[in-house]
Each structure stands twice: as C-alpha cells, then as structure tokens.
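Enquirer: Mind having a look at this structure? Questions to follow.
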Amino acid sequence: MSQLAVTVIGPDRPGIIADVTEALAQVGVNLEDSTMTLLRGHFAMMIVCSGPLSPVREILEPLRGELVITVREVGPEHLHAPIGPPYILSVHGADRPGIVSAVTRMIASVGGTVTDLTTRLSGPLYVLTAEVEIPVSADLDTLYRALEITADELGVGVTLRPAEGDDL
Amino acid sequence: MVGVTVNEAVATWSPSSLGLTGSVLEVVRAPHPVLALEGATVDPLDPTMLTLAADLIATMRVSPGCVGLAAPQVGVAVQMFAVDVTNHPKTRTCHGTFVLCNAVVVEATRQEKAREGCMSVPDLTGDVKRPTRLTITGILPGTTDVLRLTTDAFEARALQHEIDHCNGLLFLDQVAGAHAIYPRQVYK
C-alpha cells in the first residue's frame, strides 16, 4: 500500500469533496491528512492518503473534466520534528510582487521554517499569515530588525509574535 | 464569578456634553498608511479634538453594525476612539456610548478567541484571541480626569480593537493562526 498525494483543483460547486472521498472509499483508501479551501473562488484540495495507485487513478478518472486531479506516490512519511518554538507571522499592506519571498527569506535566513501559511488578496490589500518555527539559537532581535527593514522596503506592516498554546 | 463595577462617569457621559453635531467622515481602508501609525496623545480639552470626538460618534452611528471607531480610521493618527456595544448580543457589562482619549490597557486576563471584522478591512474577518476581562485608563473628551474603567466580554474586545487602532495595529496583526483570516461572507 502506497502513500499517495491527491490534488483536486477546479471551479467550485457543491459536492466535490463528497464525490472525491466517496470514490476513494470505494477502492479502500484511508484518508490521512488533508486540507481544502477556496483560492480566488477555485476549489483546491490536497489529500495525503494510503491506497493503491492504479485503482485510485482509475476511480477518480470520471471526475476529471473541469476538475484538475493529480495522483502521485509520495515518499515515506516524515514526522515533522519542531526546530524551535512556534511564532505567528502577520504581514499586510499594498499588494506588490515579492512580499512573500522577501519575508519568508528572512525567516529562512535564521534557520526558521514555515509550517503553515495562507495569503489573501482583498482589493488592494495583501495579507499573509504564517506559523513559523524559529530555532532557539536564532538571534530574535536581529530577526525583528531584519523583518522591519524588509517591511519598510516593501511598504508593508509585519508582526512576529509567539504562538500561544493553552493547555487545558 | 465576581462582577464588573461600571464606571459611572463613563456610563453617564453623553455625546451631547460635547455641544457639537458631528460630521460623518470617510472611513479609510487598509492598506492606507495612516492605519499603521502610532497615534499621538491628545489634549482632551482641545476644541479640534472635541470636534473629532463628535465626528467619530456621528460616523459610527451611520455605519451599520459598527460598535467602535478609532481616529486613525478617519485619517487622524491620534489616541482617540468611540465605542458603543449597547444591545449587542455578546455584551455583558456596558458603558453605553462614549469616547476615550489616550486610553491604555493596565490589566487584561481570561483570553478567548472570537471572530472580528473592521470597517477598515471590510472584506475580511479574523479569529483573534483577546482578554475578556479588561481594565484600562483614559480621559473623556472635554475633561481632564484620568478614569479607570473595567469591563468584560464584548465591550472588552471592542476596546482592545480600538486601542490597537490607536497604536497602528489592525486585527490582521493579532490573528490566532495561519488559517484564521476569512473572506467576509455576504449572503444574498
């Protein structure tokens, strides 16, 4: 049994998730991690699941058409080991090319990694929100200054703050 | 649970005490740069600031669903905002309609997450974790006494949202995670 990555993108309509997961269930696929959202109104879903490659491709074939569906085998599962405490990165400002690359480059430059990210374009306003892990060895003051300089150059606002978890 | 004692000076303050009819001002939208500026402290006796207070209330009142409006949202980077959470279903303690100058958070506890919107970010909403028990200090326009106000629930959230505006912050800076911003849903 392989671990598969299934992506589904296309015009949104009611029932896409039901159609896709029903087909997968018919060939014995076990859904594992998945995410779905609307991107500029396009339906977009990614699923990592366990199942047989060829039957999965065949069972999803009738759903192709307006939907772009890909099925690929992926390598063995890698458990993500946190490299440091989590932070929430928020960036917003006038839309222009290069905001995401410039800000995430600053995170990468101190050995940080992005674990979750979304961006939204709302009229002229561009908004990025990400969860990032920063190694404890990183110089946070230098990172804050670098982010501020980068944000000034881009004409956007940026905040980086610890992600708070409440243990109940 | 220990209740909150209403600050009578704030609760009995009325916009009519300004003696002015405010004008409805245009509300600026992100990414307008004024929304990112830290507001200057104001002289609550300054006639210009009294006019601004009346304008904030007038603008808040004509804006459907608006429970608060900060000076930067009408293009003025100063520490002043209007709030009125009267009749909102999430309101517990309520001080009615009031304007505060130079407000500062002095104590904040009991965090809860809730979804917020903003007239300056009209097409997005976001989940923001904020303290539900709040004590702030501030000055009513036309007065000089620094008041201490304690509140809870929705009024606490509204006050923190407006104080953030006065410090150049939007709810977008405070959202609870990477998937905590949503397009505003408009049903037809």
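Cβ atoms are placed via backbone N, Cα and C, with glycine included.
As annotated in TrEMBL:
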- B:E162: active site (ACT_SITE)
- B:C118, B:H161, B:H165: Fe cation binding site (BINDING)
Enquirer: What three-state class does DSSP give B:C118 (Fe cation binding site)?
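Expert: SS state of B:C118 (Fe cation binding site) = strand.
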Enquirer: Identify all same-chain residues not among B:C118, B:H161, B:H165 whose C-beta atom falls within 8 angstroms of the centroid of the Fe cation site's C-beta atoms; report them in sequence order.
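Expert: Everything else in range on the chain: B:G68, B:A70, B:Q73, B:E116, B:S120, B:E162, B:D164, B:L170, B:F171.
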Enquirer: As a test of the contact definition, list every same-chain residue at least 6 positions from B:H165 (Fe cation binding site) whose Cβ is closer than 8 Å to its Cβ.
Expert: B:L35, B:G39, B:A70, B:A71, B:P72, B:Q73, B:F81, B:S120
Enquirer: Measuring Cα to Cα, how far is B:C118 (Fe cation binding site) from B:E162 (active site) in Å?
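Expert: Roughly 10 Å, rounded to the nearest whole number.
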Enquirer: Three-state secondary structure of B:H161 (Fe cation binding site) from DSSP?
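Expert: For B:H161 (Fe cation binding site) - judged by DSSP and reduced to three states - the answer is helix.
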